Amino acid sequence: MMLFMINCYINMIYAFVYFGQLFMTLTPPHWCAAPNELFDSDLNLTLEQIKELTVPKDETTGKFAKCKMYQVNFTQVVGGNMSGPDPTWPNTTCINGWTYDFSLYYPTITSQLNWVCEEDWKPSLSQSLFFVGAFMASPVLGWASDRWGRLPIIVATNVMGGAAGVASAFTNSFVAFASLRFLVGMTFDTHYTVVYILLLEYVSSEYRTIMANVPIMIFLTAGLCAMPWLALYLHDWSTFAIVIHALQFISLSFPWVVPESARWLLSKGRSKETVDIITRAAHMNKKSLTPELIRELEEFGNKQKNAKNTQATALDLLKTPVLRLRFHVLCVMWLVIILAYDGHVRNSEHIGSNVFVSFTLVGFVELPADFLTMVLVEKVGRRHTTSITLVLSGVACLVIAAIPETYTTSIMALAVTGRFLITMSINVGQQYPVEVLPTVARGTGAGLIHTLGNLTGFISPYVVYLSKIGHYLPYTILGLVSILGGSICVLLPETLNQILPDTLEDGETFFTGQGYCYNPCAGSRNEDGDRELEHHTYIDSTFQALISTAENTKRIPQEEEVRERVA
């Protein structure tokens, strides 16, 4: 239960850290500031009259220009009693700075440092550098979680990311802000992924989908929906940054309330700590462990301690053909999903007239999408759910690209549909590596997969930036990539109701013999005997996970015998 609560907390933090920078760098409505002489009280001009007089309008849209102003002697113009500006007047850049409209917005670092017009590339670059940090650090931190344990890395990444995030609130230059966001990016993916791995390593196959998706469905959705209004309520980007990152320091309490992964401990031969955790879990469930079972766990741990595959690396995933293919497909899947998901979320800023309402609506899509994901993955499996939702999401994007930009209602409806489908894809996609990769290389492999995903996270802000050329460009790219990625995902194995692989040998031999149309719910038991674990109702998920390990290695008594001993 404690692990479940921690996962709920981490999901909300993930929403804040991942998308919080979007609300730090929002660009409020702006236009060129007028010369000071026009604000003379003797002229008796309102702010709207000054804007009409100094800022030209776009000939096609009729909207005020953001980066141009008339270049005339305004004192003479006003003195000449002209009724309005002459569209033939020469234009110039915003030589007096900019005026920002904060009626529906608030001061952001973009307005504070004037990252607009010629410098409007800075918000996108700072966000891309965030993903560069994740790209560089994720494989190292993933390896560290396999080497030193899940729990120390969870705490370290949260503390480091929280400190850098709070510090970024006090910056007053692009270099300082981008550097600190780079440090936040180094930690954001790992502090979420390792918690996710830790949770699933304790959960039996029958509860994986629920335990993995309920925190996302409720708490990630709550974080996404609350974040725009929290930023608007605080009405200052610096305060917003401090609040969302200070929450990460709660992780300092984790060592006292969260157990280390029993699977990881046993794979490292640390059988005494494993037995202590299992004993506490059994005690909480009013059960007891027999001395014989404890002795066999210790013997198994000692053998694992001396086994060659306990120090597996990402390179070991590439040495055998089956694992190599699966690892490559997982990488492609995550590259596509992150590009499409991040692109959909960021492009919500350009949908509708109010970014706060648009982001909330698009964020709320997480709730029904997560619920439908939990249903579909149990009915049609992981593979087909991932493939179908990616392809349909791509189709929705291509339809948007074909619709005129003036059809805002249709674009909004299709954009929400695309976001709904890609949300389903990412929910299954982040569970897939945990179930396919073996325990000895799960953290390393998942870290490397997420690293490659962050590479497309670096690209996604620029894909969205292409909307300046035409609204159809981002959607065309997202659509084509999603369809391609969904087609490739049929090469993945189906992992529904399967035991998690622990060793490299398990990873190479598990899930074999499946066809591309294999439906785990249509036939009888899989030849690996996965359905036998579906009726476990004793002790808790911790003990069930270790039973799975024991059954795979054939070194600990089978289910029926263990049940008799525990009873």
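Heads up, the Cβ atoms here are built off N, Cα and C, so glycines get one too.
TrEMBL annotations: computationally assigned, not manually curated.
Keep in mind it's a predicted model, so treat the numbers as computed, not measured.
Annotation comment: TrEMBL describes 72-497 as domain 'Major facilitator superfamily (MFS) profile'. The feature transmembrane segment is assigned by TrEMBL to 12-31, 125-144, 151-170, 182-203, 210-231, 237-258, 325-343, 355-377, 384-403, 472-492.
Distant neighbours of the transmembrane segment (384-403): 333, 336-337, 340, 373, 376-377, 410-411, 414-415, 417-418, 421-422, 424-425, 428-429, 432, 471-473, 475-476, 478-487, 489-490, 492, 519; these residues of the same chain sit at least 6 beyond its ends, with a Cβ under 8 Å from one of its Cβ atoms. In this chain, the transmembrane segment (210-231) lies close to the transmembrane segment (12-31): three or more C-beta pairs between them fall below 8 angstroms, excluding pairs fewer than 6 positions apart.
Here the transmembrane segment (325-343) does not touch the transmembrane segment (12-31). Their Cβ atoms form fewer than 3 pairs under 8 Å, with each pair 6 or more residues apart. Taking pairs at least six residues apart, the transmembrane segment (12-31) and the transmembrane segment (472-492) share fewer than three Cβ pairs below 8 Å and do not count as touching. Taking the domain 'Major facilitator superfamily (MFS) profile' (72-497) as a whole, pLDDT averages 84 in the prediction.
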